[in-house]
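Feature annotation from TrEMBL assigns substrate binding site to Asn9, Trp10, Lys11, Gly173, Ser212, Gly233, Gly234. The active site, electrophile feature in TrEMBL is assigned to His95. Residues annotated as active site, proton acceptor in TrEMBL: Glu167.
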Amino acid sequence: MRKPIMAGNWKLNKNHLETLTFIDEITPLLRDVSAVDIVICPPFTSLNVATARTKGTNVKVGAQDLFWEKSGAFTGEISGDMLKVLGCDYVIIGHSERRQYFGETDETVNKKILAAFTAGLIPIVCVGETLQEREAGQVEQVLSTQIREGLQGLNAQEHGKIVIAYEPVWAIGTGRTATPEQANAAHVLIRKLLSEIFGAAAQDIRIQYGGSVKPENVKELMAQPDIDGALIGGAALQAEAFEKLVRYK
Ligand SMILES: O=C(CO)COP(=O)(O)O
């Protein structure tokens, strides 16, 4: 009942020319796929060409961040409206790299989620614990704070299309994936937390797993009942690998 969603988070990779090359490779390969939502999230400078080149295809485009204000004296920032008018459909919010290096907090995540919905974008909201937190037995506490504070004030009617990405920080770019069972257990916990906010509609919210997802491990992760897709970094940068990830079955 939840349509799988496979998204590539390109991070700081690919200029606009490389973006066009990737899109020209990937769109013919994925043309027949309709059972999975496909999203690429290039850097801001590539979004213009990405939305233009994917227009009319089944590949959707997302940004990697946004700012919560609509306009004004906020040097270096990008608004949700700017992304929407470019043709973006999604925006990643609260990635652990933004939390770690750029001062993102649950409070700013919350403001950004609301701004994304106001602009008509679907937020992909990242949560996840560090290795230290996992080893200290704090997974539940960390996820619960991130969800309760990050998603404060949301409701099923207006915000039910939200996508959550569970990305344990210790699995990102490390080659160390959570086991399918570990990941699913976290997803079950997240869904329980979502049901406090969204009620029964939490059953329809898609929860992606992220952290060293590759063509070799995607199938067993996707076989878990509460894993509804993946947010993929490194392995999403090559068309051939990304095709395999989208065709995970
Ligand atoms: O952070 C990630 C996606 O947002 C995961 O990155 P990797 O797939 O490179 O581990």
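Placed from the backbone N, Cα and C atoms, the Cβ positions cover glycine too.
Taking the features listed in TrEMBL, we show where each one sits on the structure.
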| residue | record | contacts (Cβ under 8 Å, 6+ apart) |
| --- | --- | --- |
| Asn9 | substrate binding site | Cys41, Gln64, Ile92, His95, Gly210, Leu231, Ile232, Gly233, Ala236 |
| Trp10 | substrate binding site | Ile40, Cys41, Pro42, Pro43, Ser46, Gln64, Gly233, Ala236, Leu237 |
| Lys11 | substrate binding site | Pro43, Gln64, Glu97, Gly233 |
| Glu167 | active site, proton acceptor | His95, Ser96, Cys126, Val127, Gly128, Tyr209, Gly210, Gly211, Leu231 |
| Gly173 | substrate binding site | Ser212, Gly233, Gly234 |
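Its own atom aside, the Cβ of His95 (active site, electrophile) has 28 Cβ atoms within 10 angstroms in the protein chains shown. The DSSP secondary structure for Asn9 (substrate binding site) is strand. Proximity of the binding-site residues (Trp10, Lys11, Gly233) to ligand 1: a Cβ under 6 Å from the molecule is found for Gly233. Between the farthest pair of Cα atoms in the substrate binding residues (Asn9, Trp10, Lys11, Gly173, Ser212, Gly233, Gly234), the distance is 14 Å. Residues Asn9, Trp10, Lys11, Gly173, Ser212, Gly233, Gly234 make up the record's substrate site, and a Cβ search at 8 Å around their centroid adds Ile172, Ile232, Ala235, Ala236, Leu237 from the same chain. Of all Cβ atoms in the shown protein chains, 20 besides its own fall within 10 Å of the Cβ of Gly233 (substrate binding site).
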